[in-house]
Structure formats: structure tokens, C-alpha cells
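Over in TrEMBL, the protein carries these features:
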BINDING   21, 84, 123, 457  (6S)-5-formyl-5,6,7,8-tetrahydrofolate binding site
BINDING   229, 248, 250, 253  K(+) binding site
BINDING   229-234, 248-254, 273-276, 359-361  GTP binding site
BINDING   233, 254  Mg(2+) binding site
DOMAIN    219-378  domain 'TrmE-type G'
Ligand SMILES: Nc1nc2c(c(=O)[nH]1)N(C=O)[C@@H](CNc1ccc(C(=O)N[C@@H](CCC(=O)O)C(=O)O)cc1)CN2
Ligand SMILES: Nc1nc2c(ncn2[C@@H]2O[C@H](COP(=O)(O)OP(=O)(O)OP(=O)(O)O)[C@@H](O)[C@H]2O)c(=O)[nH]1
Ligand SMILES: [Mg+2]
């Protein structure tokens with residue numbers, strides 16, 4: 001028999017109310033043993049009704065005053081019988097009530113186990129289960145909206161529709177193989193290719209939505225880099241709107257990196273001020289410079305700061321060259337000293353860099369920089385996608401597998417490969433989509449998905 005699991009479903013800390021969640025065949029029995037109703041006539045829980053009373057320990061002493069609800073399977077969140085105990089939201093209260101529930105025979109839930117059971121019991125498909133985690137981790141209002149429509153089943157529906165389209169194509173392939181001489185049924189290769197391309201285009205559109213919206217969903221890492229004294233820490237402070245980083249005219253002021261979170265246009269951004277790049281004998285600064293280089297690899301966007309009054313040097317040029325264009329914004333600082341059009345700017349413009357001139361200290365044109373940051377992080381589309389067909393990383397990878405299979409199918413079709421050999425590609429694409437919805441699944445995939453959930457979800 002399936003075990004009955006229990007966990008604290010709310011964050012540990014003081015709160016108005018904290019919830020213990022119990023799911024499994026004996027959860028109602030556990031609820032009845034632990035609960036004493038404040039109504040004399042109470043005999044049994046009524047589904048989806050809050051019951052007021054107390055939770056008792058083994059000796060009959062009160063642990064807490066609570067509201068309890070009972071949600072019978074298979075209609076509950078997990079699909080099993082569920083009991084929820086609404087306690088006072090103190091960590092010790094919740095711990096004591098949970099321990100009592102465990103004493104009576106429940107087993108502590110693993111991370112994500114309630115949602116995993118909901119999936120295994122067919123209450124959610126896999127895209128919806130993943131959306132639950134995306135709701136909790138939401139980094140922007142826009143990202144939250146994407147998770148909410150995924151939770152509503154939109155992406156799952158889309159994937160099933162694509163798969164159905166492929167199943168139909170496969171039937172036609174089979175008919176063409178079985179009745180090759182039948183003129184009426186015979187497959188017309190070009191029309192067939194167009195329909196495959198239709199599915200492929202929709203798949204590619206989903207893949208593109210991942211890249212476009214990734215930073216809305218996950219937040220972004222923006223790194224301030226450049227030579228010592230360029231004004232990185234000043235810009236950090238300017239963007240933060242407060243004096244966080246130490247600023248002096250001593251080159252090498254920042255030796256370790258500093259990280260703060262800002263919200264630009266609704267997007268959550270980890271902003272990192274780094275140690276200025278230069279050769280140095282200072283051991284601490286050396287480690288700082290190494291860390292800067294590691295951060296540059298990881299960054300979604302690098303702001304390369306150039307002291308406009310001195311102009312760039314070779315170090316700046318090689319740093320610019322080492323980064324992919326779409327990851328780089330060149331910023332010319334100290335416009336109050338060098339003016340909007342210093343001589344070096346033209347050279348960099350000719351090389352295709354379009355330096356953005358500003359003054360970190362005086363706050364001039366910081367608004368322009370903020371707009372450019374959002375533009376770059378969203379690939380030029382400063383609005384998040386509406387409508388919510390936005391995959392996560394796993395989903396994007398599955399879609400890429402599907403797209404690859406469809407591309408192979410089109411290649412073979414053009415090369416005149418016999419129809420009976422084309423079906424493998426259709427099958428491969430179908431499998432990729434079914435692994436995303438969870439119609440096909442493995443322990444490995446499920447464990448990878450649910451291990452990152454919190455306990456009690
Ligand atoms: N207290 C509490 N809040 C919560 C959850 C929960 O489990 N408990 N949820 C999850 O973590 C989310 C809500 N998800 C849920 C999804 C379905 C059902 C459910 O029982 N559905 C029945 C409804 C029957 C009815 O309305 O009478 C059904 O679909 O048949 C409950 C919660 C967010 N808030
Ligand atoms: N005139 C002018 N000076 C600036 C501007 N921004 C920064 N500075 C000055 O440039 C010097 C260096 O600024 P920081 O912000 O410490 O530079 P940094 O790039 O963090 O330097 P390191 O931490 O040493 O790598 C300070 O004296 C700042 O006041 C600006 O917009 N105009
Ligand atoms: Mg600094």
C-alpha cells in the first residue's frame with residue numbers, strides 16, 4: 001500500500017498561519033486521532049470544510065488550536081486523501097504538530113513528493129508539475145504569468161497538439177507504405193514536407209520563446225567589468241541608488257566582487273561589481289581578478305566600462321573581443337569630463353560597438369543604460385511574451401530533440417529515402433514531446449525534476 005506522507009507546507013519562520021499537509025490512505029484516520037473538535041456533535045470531517053478544534057499530543061495535552069480540512073481523493077491536489085492542519089505559524093508549533101503526525105505513522109515527505117504524487121495520479125501533467133516550481137521561484141510578474149498559464153495546462157496542450165499532428169502524418173506514411181500502388185492514397189512528398197515544416201516551425205517558435213523570456217523567468221546576471229578606476233563601483237552605486245560600493249580615486253579599490261539585486265522594468269537582476277582588470281602583485285587583488293574572469297563567463301550581460309577621459313587600451317579591446325557581441329554593452333564613463341563624442345568613440349563605433357556615454361558619478365544617462373540592459377537581456381523585445389507558451393530549460397532541450405528529428409525527416413524526404421524508413425524520425429519527435437508532457441517518463445527524469453522542489457510542495 002502507498003505510504004502516507006506529511007510535511008510542513010509553509011516556510012519555517014514566524015507567520016500568521018502555518019500548514020501541515022498529510023497525503024495518503026491513512027491521512028483521514030491520522031486527522032481523526034490527532035484532532036479534538038470544538039463542537040460537541042462532531043463525528044467526522046466533511047470534505048472541503050474547515051473544522052475548528054485542538055491538536056493533542058499522546059497524553060491528551062493541547063499542542064495547538066487549529067483549523068483542519070479534509071480533501072478526499074481522487075479529487076484532491078495529490079489525488080489521494082489529504083488532511084491539512086492550519087496551525088499558528090511558529091516554527092516550534094509546526095515542528096511539534098508534525099512530530100505528533102509522524103509518531104502516529106506518517107512518513108516525512110521528500111522534496112516535491114506531494115506534487116510528484118499529483119503527477120503520478122494523473123492530476124497534473126509533467127509541464128504543470130514543473131510550473132508549480134516555476135510559480136514558487138518566479139523572478140518577475142511576467143515570469144509568474146508564464147508559470148500560471150503553464151500550470152493551467154497551456155504548454156501541455158500545445159505539445160499534445162503537435163504530437164497529434166505528427167501521429168496523423170505517421171498514419172499517412174503507413175498507408176503509403178502499405179498501399180504504394182494505390183494512386184488515391186499515395187503521399188505527395190511536397191505537401192507532406194510542408195506539413196512537417198508546419199510542426200517544425202511551431203517547435204522552433206517555442207524554442208525561441210525560451211531564449212527571449214529566459215531572463216524574465218529566471219532573472220539575469222549583469223557584470224560590471226573594466227580597467228581599474230573606470231568607475232565600475234560608481235556605476236554600481238548609481239544603478240542601486242545608494243552608496244553600496246566603496247569609491248575612491250585609488251586604482252584597485254574593489255578587490256573582491258560585490259553583488260546586489262536590482263529590479264529593472266520588472267526584471268530581477270543580480271548586479272555584480274568586480275575588481276578592475278589589471279596585472280597585479282597584490283595576492284588578494286589577483287584572486288579578485290580571477291573571480292572577475294569567472295563571472296564574465298557566467299554573465300548574461302557584461303557592461304564593459306571605459307574611462308572616457310582616458311580612452312580604451314589594449315586590455316579593453318581584448319576583453320571586448322573575448323565576449324560574444326550579444327553579451328556585451330560598452331559604456332563610456334565620465335562624460336562630464338570627456339564630452340559625448342570623445343575621439344576613441346568613433347573607432348569603436350566603426351568596429352560595431354556603439355559605446356553608450358554616461359556619467360556614473362553625476363547620474364547622467366543612467367536611464368539610457370537601463371533601457372539598453374533590458375533590451376539586450378530580452379533580445380530586443382523589451383516586453384515579455386503574453387499567452388504563456390514559454391518553455392523552461394528541460395522543455396527547450398526536449399523541443400530541440402524534436403526539432404532535430406523533424407529536420408532529419410525533411411532531409412530524408414528530399415533525398416528520396418523510402419517512406420517506411422521515415423517513420424523512425426516521426427517516432428523520435430513524438431517521443432521527445434511525450435517525455436515533456438510525462439506521457440513517457442523515467443525515474444531518472446522525475447528525480448531530476450522533483451529534487452529541486454521544496455519540502456511540503
Ligand atoms: N491550503 C492549500 N493551499 C493551496 C494548495 C494546497 O494544496 N493547499 N495548493 C497546492 O499546493 C495550491 C492549490 N492547488 C490545488 C489544486 C486542486 C485542489 C483540489 O482539491 N481540487 C479539487 C477541488 C474540488 C472542490 O472544489 O470541491 C478538484 O479539482 O476536484 C486543491 C488545491 C495553492 N494553494
Ligand atoms: N569625473 C568623473 N569621475 C568619475 C565618474 N565616475 C567615477 N569617477 C571617479 O573615478 C574614480 C574611480 O571610481 P570607482 O567607481 O572607484 O572606479 P572602479 O572602476 O570601481 O575602480 P576599481 O575598483 O579600482 O577597479 C573615483 O575617483 C570616482 O569618483 C564620472 O562619471 N565622472
Ligand atoms: Mg571599484
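Cβ coordinates are placed from backbone N, Cα and C, and glycine is handled just like the others.
Whatever TrEMBL says is automated annotation, not expert-curated.
Since we're looking at a predicted model, the values are computed, not measured.
The Cβ centroid of 229, 248, 250, 253 marks the K(+) site; residues of that chain outside this set whose Cβ lies within 8 Å of it are 228, 247, 249, 251, 252, 254, given in sequence order. Ligand 3 lies within reach of 232, 233, 253, 254 from the binding-site residues 84, 232, 233, 248, 253, 254, judged by a C-beta closer than 6 angstroms to any of its atoms. Ranking the binding-site residues 84, 123, 457 by the distance of their Cα atoms from the Cα of residue 229 (K(+) binding site) places 457 first. Of all the binding-site residues listed (250, 275, 360), 250 has the fewest other CB atoms within 10 A of its CB. 233, 251, 253, 360 are the binding-site residues among 123, 233, 251, 253, 360 whose C-beta comes within less than 6 Å of an atom of ligand 2, given in sequence order. Listed binding-site residues: 21, 123, 232, 457; maximum Cβ neighbour count within 10 Å falls on 232. Note: the CA-CA distance between residue 360 (GTP binding site) and residue 123 ((6S)-5-formyl-5,6,7,8-tetrahydrofolate binding site) rounds to 53 Å.
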